[in-house]
Amino acid sequence: RSLIMTCLSLVFKGIILEYVEGGESKTRSIDLLDLTPETDVTALVEEIQEREPLITASCLEHIIHLVQRLQEKLGEKQNHKFSLFKVLRTHILPLTNVAFNKSGSRFITGSYDRTCKLWDTASGEELHSLEGHRNVVYAIAFNNPYGDKIATGSFDKTCKVWSTETGKCYHTFRGHSAEIVCLSFNPQSTLLATGSMDTTAKLWDLEKGEEVATLNGHSAEIIALSFNTTGDRIITGSFDHTVAVWDVGTGRLLHTLIGHRGEISSAQFSWDCSLIVTGSMDKTCMLWNAVTGTHIATLAGHSKEVLDVCFDYAGQRIATASADGEAAAGECSTKPLCNCILTASSDKTARLWDAATGHCLQILEGHADEIFSCAFNYKGDTIITGSKDNSCRIWH
């Protein structure tokens, strides 16, 4: 079996409240699905305040200001054309992945050359080369929204956590008996999850540098994992054709999502934690109730394997990318939300699509080989693409 990676990214609207409770840092997400350029922002925030005790009178004006900034963004014309800003010859061997920090000021690249590199987006300058792995660096991530840590997962069976500021390695997590192919920080940045070809996932305490739990239950390799936005649940997708839902606090298996007839390629929670979407090599995408684990719908239409799936941040649209060379937007409801979808392809191009119409807005050309990783920054005005041609391109 071989690993296949493609990428989808969506631009969205919503706010995340960060707060401390009992000495512990927590986050809570609030969607702004009804926000339009014509919305009375003050009235909207006051309505939210009535049901959200975290928004006190002292911070009301600040929240209004933030929502007004989002509203201004919505009012901008969506006909921006991206142009090539810089080509970075990033690694001596092909890239495996690229990722932005939340602000988009920094990004990281992983490579078959066993390193991960940190870059300044504005200048294209290399800031740090994170060296120490003894095999391919396959999975990489920032601990967004904070961005002060980087995690790297390797075919050498270890995961390392690094300081974004200094490039110093904080921890090396050992315990998997096969390649690490996926990882994710929880939203509070207190835990790191790793998924491995050894059929297990592990949770690691970032402060203590210790293993917290091993998630046993799959009978084949784990290829995808994702926390929900509150951080109390995690899902793992496996080559055994199933997705497992786990309680983060106890490590207990809550549900096994059974229905696909091929290996799982991708799995993700909706922003409000109510839904799970899964993509599979059986050419379908499935929608599940995240609370009960029950199957809601099967989205069929691709003629080849579904390689990646992605919710918009309202859980109203799903984007799917397939080996058939097509991307599809599956409607969960009729309300438009996100502005555009970014896809990367083995045809050496990345493409921007209008999520409402499905029309291709722009083709980003120039790479000399397959593009298998792409990302928007948070604002949606910068794109990075990583390719087998050993280069990374920044688009503005």
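Glycine too: its Cβ is placed from the backbone N, Cα and C atoms.
Curation plays no part in TrEMBL annotations; they are all automatic predictions.
Sequence annotations record features per position, and here TrEMBL assigns signal peptide to 1-22. The repeat 'WD' annotation in TrEMBL covers 88-129, 130-172, 173-214, 215-256, 257-298, 341-363, 364-396.
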Report task. Restricting to the repeat 'WD' (173-214), report the mean pLDDT as a whole number. Result -> 98
Query raised in the report: Do at least three C-beta pairs under 8 angstroms join the repeat 'WD' (88-129) to the repeat 'WD' (215-256), pairs 6 or more apart in sequence?
Result: no
**Report entry** Beyond the flanks of the repeat 'WD' (130-172) by 6 or more, those residues with Cβ under 8 Å of it
**Finding:** 3, 16, 18, 96-103, 106, 108-112, 114-118, 178-185, 189, 192, 194, 196, 204, 206, 209
Requested in this report: For the repeat 'WD' (341-363), give the DSSP counts of helix residues, strand residues and coil residues.
Outcome: 0 helix, 13 strand, 10 coil
Query raised in the report: Which numbers of helix, strand and coil residues does DSSP report for the repeat 'WD' (364-396)?
Result: 0 helix, 16 strand, 17 coil
